[in-house]
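Reviewing the structure listed below.
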Amino acid sequence: MASLLLSAAPMRRHVGLVAGALFLAALLLASWFLPLPYDPIRPDATATLQPPSAQHWFGTDSVGFDVFSRTIAAAGRDLPIAFGGALAAALIGVFLGLLATTKGRGSALLMRSLDAFQAFPLLVLAIAIVTLTGNRLEMVMFAIIIIEAPRFLRLVRAEGLAIREARFIEAAEVIGAKPLRVLLVHLLPNVSGVIAVQLSIATASSLMVVAALSFLGIGVSPPDPSWGAMIQAGARQMTGGQWWVALFPGLAIFLVVVCLNLVADALDVILERSSR
Amino acid sequence: MSTTNTEAGDAPSPASTELMAPAVGAPRRRRAFWGLVAKRLAFIPLALFAVITISFLLVSIMPGDPALAILGSTANEQEVATVRSQLGLDRPLAERYVTYVGGVLQGDFGRSFFTGQPIRDEIVKYLPASIELVVMAILLAALVGISIGTLAGYCRGRAPDKAVRVVIAGLEAIPGFLAGLLLIFAFFYLWRLVPSPTGRLGIVNIYPPTVTHFLLIDLILAGDWNGLRSTLHRSMLPVLTLALAAIPLFAKITRTTVGGAMGSKQIQYARACGLSEWRVVQYALLQARTPILTYTAMLFGAMVGGSAIIETIFSWQGLGQWGLKAIVALDIPAIQGFVIVTGFCTMLVYLVLDLVVAALDPRIQHG
């Protein structure tokens, strides 16, 4: 019984990884290349608030936008922002995190100021940053970096400090490797696994931030489709019973986040296993 | 592992705490604890000063012209210059900083650019509503989250654990505002179980005389039981929505710590003593106490102000909704006040947390 479970577990993890990654790739490719049934930025004023049907798979909203076309098209906007923001945050956070493993006084100061910084409600901070800087899309990325980079920093620092105690680091230092070389050649490869896992988690949480911001109408320019903005458009319809306007973009967010977390879980297990 | 479920009346002393008993004597511990309290209290003014400075810089250094936001993009340069000088924005940064800090220390946060109301009055009006919402949501989330987390941690790897993990993963993937809308659709539109999501009190109810600014407490003080029932009824969906976001966090941390504790020496010992499984779980929870408290404080800090979107959906009229409106309108004094209050709330919660943990956990050395 136990041996059966053991052999099945890694298989299941790979299934999670493959399924999650495939869904995300399919969604992204569809948003770029799939011929959509309707123009996602041109509403049909004669067909407003249609329930889901053969013509409009996900129905239409109060302006006459086809919800299916917009849900797919929005993936091409929301996913790259979320992933790009998470990636940029990873680069910055990992770099600073590696530096912070050197046990200088600056390192402690950095961690203390991070504590203070993270005491603020981060979503509100993101909203403030984007609004105060003129509501531009690139500022959404900047806000994501500010939220996510400290998490990478903490993670890499915590992992790095543990690895720093290892003999091979000591050996490298003894034979005269420069500090930067120790960080990049010896430390970085050993934390790359946790970084990959965190990147997947950070993309999911960035997507939530992007959705929350565009739900509030921040960082979006109106006709362009975005899941958050679409849910906002459907918010008023919820009390009137037209559930489809908000549900389908919401479902898209839900599925993407689930897939990203699946990938993160699978990576976690696989990398943990191979490192042992 | 098979354990006998006999109630052990002859083993009253809590095994786990005894195993963790500190080497330091009790009086010394107590003195060290009050030392910690004094130290942390002394730190407060410094941290408060930092929060005020951050809030000032956050808003003052960022590009974006509030004068333009007030007038709209059609205004000419003359008008913009006039408004800027009215707002005091034409003065140098250092001068504005000194004026602002001086004002805040006297409890004067300035006046709203738009409504002209003193910011302090608005904070006093809106903050209690947010606190009520967050406290109710955290209590609910803690109850549900800790329960299912304990279940999962106890049954690690078996069916209940897997079910809880699916629930956690699902809840984590739903944005709060979407959960709110879906709940409105189901409970208000489909089943008509709750009133429409518009504010805290029904139209027929009148607001009680303001005593504490906490609506629930004021209603109780006024003896308005109908009003109280109406308010609680209207609180159900917002509280549930906010709690749904916090349940996974409570469940995850409880599952991990209880799961870890179940394999610990203390639990082995408790079982070897023949304690009932119910007792054993209690000891496991005792070990999970500190991480759970830490998470509660973090959540509380994140939610005061972080509940802005939920408050807006349900027209809760709390601090978050007010702050969000201020941010979108570029109402600088309001934004600064909002940042200071949320930052200060978080600091206070962390302080209380540190002290509670220090008082409860004998493993933590003070000094």
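Backbone N, Cα and C define each Cβ position, glycine as well.
Remember, TrEMBL labels are computer predictions, not curated facts.
Residues annotated as domain 'ABC transmembrane type-1' in TrEMBL: B:127-357.
For B:1-21, the entry in TrEMBL reads region 'Disordered'.
Annotation comment: TrEMBL describes B:41-62 (among others) as transmembrane segment. Panel annotation: around the transmembrane segment (B:41-62), residues 93, 96-97, 100-101, 104, 332, 335-336, 339-340, 343-344, 347, 351 of the same chain, lying at least six beyond its termini, place a Cβ under 8 Å from a Cβ of the stretch.
The transmembrane segment annotation in TrEMBL covers B:133-154 (among others). Residues of the same chain lying 6 or more positions beyond the ends of the transmembrane segment (B:133-154) and with a Cβ under 8 Å from any Cβ of it are 160-161, 164-165, 167, 235, 238-240, 242-262, 281, 284-285, 288, 292, 296, 299-300, 303-304, 307, 310-311, 316, 318.
Beyond the ends of the transmembrane segment (B:166-191), by six or more residues, the same chain brings 148, 197, 236-238, 240-242, 244-245, 247-248, 251-252, 255, 309-310, 313-314 to within a C-beta distance below 8 angstroms of the stretch. Residues or ranges marked as transmembrane segment by TrEMBL: B:166-191 (among others).
What TrEMBL lists as transmembrane segment is B:235-253 (among others).
As annotated by TrEMBL, transmembrane segment applies to B:292-314 (among others). Below 8 angstroms of C-beta separation, residues 129-131, 133-134, 137-138, 141-142, 146, 176-177, 180-181, 184, 197-198, 237-238, 241-242, 246, 249-250, 253-254, 257, 320-321, 323-324, 338, 341-342, 345-346, 349-350, 352-353, 356-357, 360 of the same chain, each at least six residues beyond the ends of the transmembrane segment (B:292-314), sit close to that stretch.
With a threshold of 8 Å between CB atoms, the same-chain residues lying at least 6 positions outside the transmembrane segment (B:326-353) that come near it are 40-41, 44, 47-48, 51-52, 54-56, 58-60, 64, 66, 69-70, 87, 100, 104, 109-114, 119-120, 122-123, 127, 293-294, 296-297, 300-302, 304-305, 319. As annotated by TrEMBL, transmembrane segment applies to B:326-353 (among others).
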